[in-house]
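Each remark here refers to the structure printed beneath this line.
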Amino acid sequence: MHALIDLRQLAPPEPIERILHWLDTAEPGQIGLFHLPHVPYPLYEHLHMRPCHWECDKQADGSAILQLVRDQ
Amino acid sequence: MFQPEFSLPLSTPLRFFRAAPCWLLLASLVALGLPPEAWQARFSPAMLALTHLLMLGFAGNIMLGALLQVCAVLTGVRAHPTSAIVLWLALQTGTGLLAWGLWHMQMIVLQLAALILLAALLGLTLWLLASLLLRSALQQHSPLLWPILGLLLLALSGGLLVSLLSTGQPALALNDLLRAHIVLGSTAWLSGLIIVVGFTVIPMFLVAPAWPRWLVQILPGLIFALAFASAIDARALYLLGLPVVLWYAGLLRVLHQSQRRADPTRALWAWGGINLLLPLMCVPWLEHGSAHWPAATPVLLAAYWLLAGVLPIITAMLAKIIPFLLWMDYRLEQPSGGRLRHMGQLFPERWLRRLSYGVFLMGIVLWPLSSTSFKAIPLMLMIYALALAYCLERSIRIRRQAS
């Protein structure tokens, strides 16, 4: 089970900055779980530029849980 | 998983945002040159021209830029860059011609303006509605549909007004058509879009919980329905304020729960929200008892709605959206690190505070100044337009220099 990192209390663009920083320093195969205040649509373009894949689940309260996997 | 490309080239919304202060500056220059008696007649050629400079040139540019951006980010419906340039050109040309045509009551110019604006806005709204409805089959229905529908009807009613003025056709009562045009523009389109955009930008930038789901689902449709009913029958104007009261109650709750207590945009939203609502509540009494009010009251009420309602909210939106877009653009070029570490470098909070003071002041002094020195209002508006243009251009320059 991976720890869920709660980024809901941060103002933009801090959540995006932290996720990108995590991704840039993660080992291949490492999985990150992030709780965000909203579905992070603007982040997707930045993720496309990096070796990763992800799933994002919108929650009933409007927040979103992003599961990010660092690829090779 | 549904994962389309959500971004829009930075130049697309910026082009609209950068044009807006120029129109505001022009409108304030025009207002400055008007004689005092011009403010008594809301449907005089000069006042009609001024209204369109403000509503189409200033507010229209900002709201269309925001609409294109929000549609791309929230729904994945992206305007083609060339189409966005054509829309921008049509909006600027159409606004200029419309204001000129109204000022001089030149029917051929009015017809040309109406043709350009109708073609552009019908093309945009029909494309957006079709794209959003198609996406609705894949995702949930978007509340953006309602203000877009409002814009479509606004453009159509504007076209009918020009036709009625220039050819006498269709055989509709001018006052009824004017009321329809005003209520569709101010409520179904502009307030509707402000409300829908607020559902996203307030929780996002002010770190607050999401708006209640039921409110997000029913409010935009309800506002549109009541605005449409008011366009058809003036008696529905009495009900028009009710959904806005609901929205304002929700707005206060979300602002109260915001984690960013010191952010100046909280006060701008709260002040702007109440001033979108109050004039709306006064309109039916004005409509049905116009003989009891001073002649300048409708103009003042509209000015108050714009300066104390729309302007604070537009300021709050731009102060967040612009640095965020510039920062996102910078991150695409510079994936990590770099000279820009936070959005405050692009649009410092002190700029926003100064803009806010100007906006609050304009709203507060509008009524007292209206009877003593009306010229001070366009002068303040001119200073605001210059300050807004400075903030926008400076932000863009800081972003460019960081490359």
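Placement of Cβ uses the backbone N, Cα and C atoms for every residue, glycine included.
Remember, predicted model here, so these are calculated numbers, not experimental data.
Below 8 angstroms of C-beta separation, residues 2, 4-8, 12-17, 19-24, 26-27, 30-31, 34, 84, 87, 91-92, 94-95, 98-99, 102, 117, 124, 128, 131-132, 135, 139, 142, 144, 147-148, 185, 189-190, 193-194, 196-197, 200, 302, 306, 310, 314, 317-318, 321, 325 of the same chain, each at least six residues beyond the ends of the transmembrane segment (B:50-77), sit close to that stretch. As annotated by TrEMBL, transmembrane segment applies to B:50-77 (among others).
The transmembrane segment annotation in TrEMBL covers B:84-103 (among others). Beyond the ends of the transmembrane segment (B:84-103), by six or more residues, the same chain brings 12, 15-16, 19, 23, 45-46, 48-50, 52-53, 56-57, 60-61, 64, 68, 109-110, 112-114, 116-117, 119-120, 123-124 to within a C-beta distance below 8 angstroms of the stretch.
The transmembrane segment annotation in TrEMBL covers B:109-132 (among others). Sequence-remote contacts of a segment are chain residues at least 6 beyond its ends whose Cβ falls under 8 Å from one of its Cβ atoms, and for the transmembrane segment (B:109-132) they are 56, 64, 67, 71, 75, 77, 79, 86-87, 90-91, 93-98, 100-102, 142, 144-145, 148-149, 151-152, 154-156, 158-159, 162-163, 165-166.
Sequence annotations record features per position, and here TrEMBL assigns transmembrane segment to B:144-166 (among others).
As annotated by TrEMBL, transmembrane segment applies to B:186-207 (among others).
TrEMBL lists B:214-232 (among others) with the feature transmembrane segment.
Positions annotated as transmembrane segment by TrEMBL: B:238-255 (among others). With a threshold of 8 Å between CB atoms, the same-chain residues lying at least 6 positions outside the transmembrane segment (B:238-255) that come near it are 183, 187, 191, 195, 198, 202-203, 206, 208-209, 211-212, 215, 219, 222-223, 226-227, 229-230, 266, 269-270, 273-274, 276-277, 280-281, 283-284.
Beyond its flanks by at least six residues, the transmembrane segment (B:267-286) meets 187, 191, 194, 198, 202, 234, 237-238, 240-241, 244-245, 247-248, 251-252, 255, 293, 297-298, 301-302, 304-305, 308-313, 315-316, 356, 359-360, 363 of its own chain at Cβ-Cβ distances under 8 Å. What TrEMBL records for B:267-286 (among others) is transmembrane segment.
Here TrEMBL flags B:306-330 (among others) as transmembrane segment. Residues 7, 10, 13-14, 17, 54-55, 59, 62, 66, 69, 190, 194, 197-198, 201, 205, 264-265, 268-269, 271-273, 275-277, 279, 338, 340, 342-344, 346-347, 351-352, 355-356, 359-360, 362-364, 366, 377, 381, 384, 388, 391-392, 395-396, 398-399, 402-403 of the same chain lie 6 or more positions beyond the ends of the transmembrane segment (B:306-330) yet place their CB under 8 Å from a CB of it.
The feature transmembrane segment is assigned by TrEMBL to B:351-370 (among others).
Per TrEMBL, the feature transmembrane segment maps to B:376-392 (among others).
Using a Cβ-Cβ cut-off under 8 Å and counting only residues 6 or more beyond its ends in the same chain, the transmembrane segment (B:376-392) has close neighbours at 17-18, 20-22, 24-25, 27-29, 31-32, 303, 307, 311, 315, 318-319, 322, 347, 351, 354-355, 358-359, 361-362, 365-366, 369-370. Panel annotation: around the transmembrane segment (B:214-232), residues 143-147, 149-150, 153, 157, 179-180, 183-184, 187-188, 191-192, 195-196, 199, 239-240, 242-244, 246-247, 250 of the same chain, lying at least six beyond its termini, place a Cβ under 8 Å from a Cβ of the stretch. Remote same-chain residues near the transmembrane segment (B:144-166) are listed as 67, 70-71, 74-75, 107, 110-111, 113-114, 117-118, 121-122, 124-126, 128-129, 132-133, 136, 172, 174, 177-178, 180-181, 184-185, 187-190, 192-193, 196, 220-221, 223-224, 227-228, 231 (criterion: CB distance under 8 Å, separation of at least six residues from the stretch ends).
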